[in-house]
Every structure is written in structure tokens, then in C-alpha cells.
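Please read the structure below before turning to the comments.
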Amino acid sequence: RNVWYDAAARNIESRIRAAAAANSPTGTTPPIGEARGVVLFIGDGMGMSTLTAARILSGQRRGNTGEEAELAWDTFPAVALAK
């Protein structure tokens with residue numbers, strides 16, 4: 001199960017290092033400046049009950065009771081729910 005997660009994490013880290021090297025005179029510092037775009041996450045079929053179940057499952061997989069767990073987007077500075 002962790003094989004795919006670990007492979008994806010290594011791939012992302014490799015791409016970040018390559019982008020930093022390509023955009024930096026020294027090849028070690030990440031690029032700085034003003035963002036040129038916006039990333040919009042849209043989750044379809046993610047009602048309150050589905051999110052709660054996912055949150056509990058995530059916590060239980062970590063060996064806890066589940067209710068105390070947070071999903072990645074729980075820490076986003078702004079979220080919205082549309083019906």
C-alpha cells in the first residue's frame with residue numbers, strides 16, 4: 001500500500017528539486033516571486049457525511065479513535081461547501 005505513496009512522494013520531491021535548479025542561478029534555492037496562477041481543488045461527491053467518514057477512517061488507520069484526525073484540506077485557509 002505504501003509503495004505507491006512513497007513512489008509519488010519521491011517523484012514530487014524530484015520535480016521540485018529539478019524546478020528549483022532550473023529557475024535558480026545557484027541551483028539550490030527555490031524560485032521566489034509572485035504567483036502566476038491559482039490552484040482550485042474541487043471534490044465531487046464529498047458531502048459532510050462522506051468527509052466525516054473519511055476523517056474517521058484516516059484517524060483509525062493511524063491507530064487513534066478517528067474523530068481527532070484532520071484531512072489535508074481541513075488546514076486550508078479558505079474552504080467552501082456548495083449544495
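Here the Cβ of each residue, glycine as well, is placed from N, Cα and C on the backbone.
In TrEMBL, annotation is done automatically, which means it is predicted and not curated.
Record features, source TrEMBL:
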- ASP44: Zn(2+) binding site (BINDING)
- ASP44: Mg(2+) binding site (BINDING)
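Using a 10 Å radius centred on the Cβ of the residue listed as 'Zn(2+) binding site' and all shown protein chains, the other Cβ atoms total 4.
Secondary structure from DSSP puts the residue listed as 'Zn(2+) binding site' in coil.
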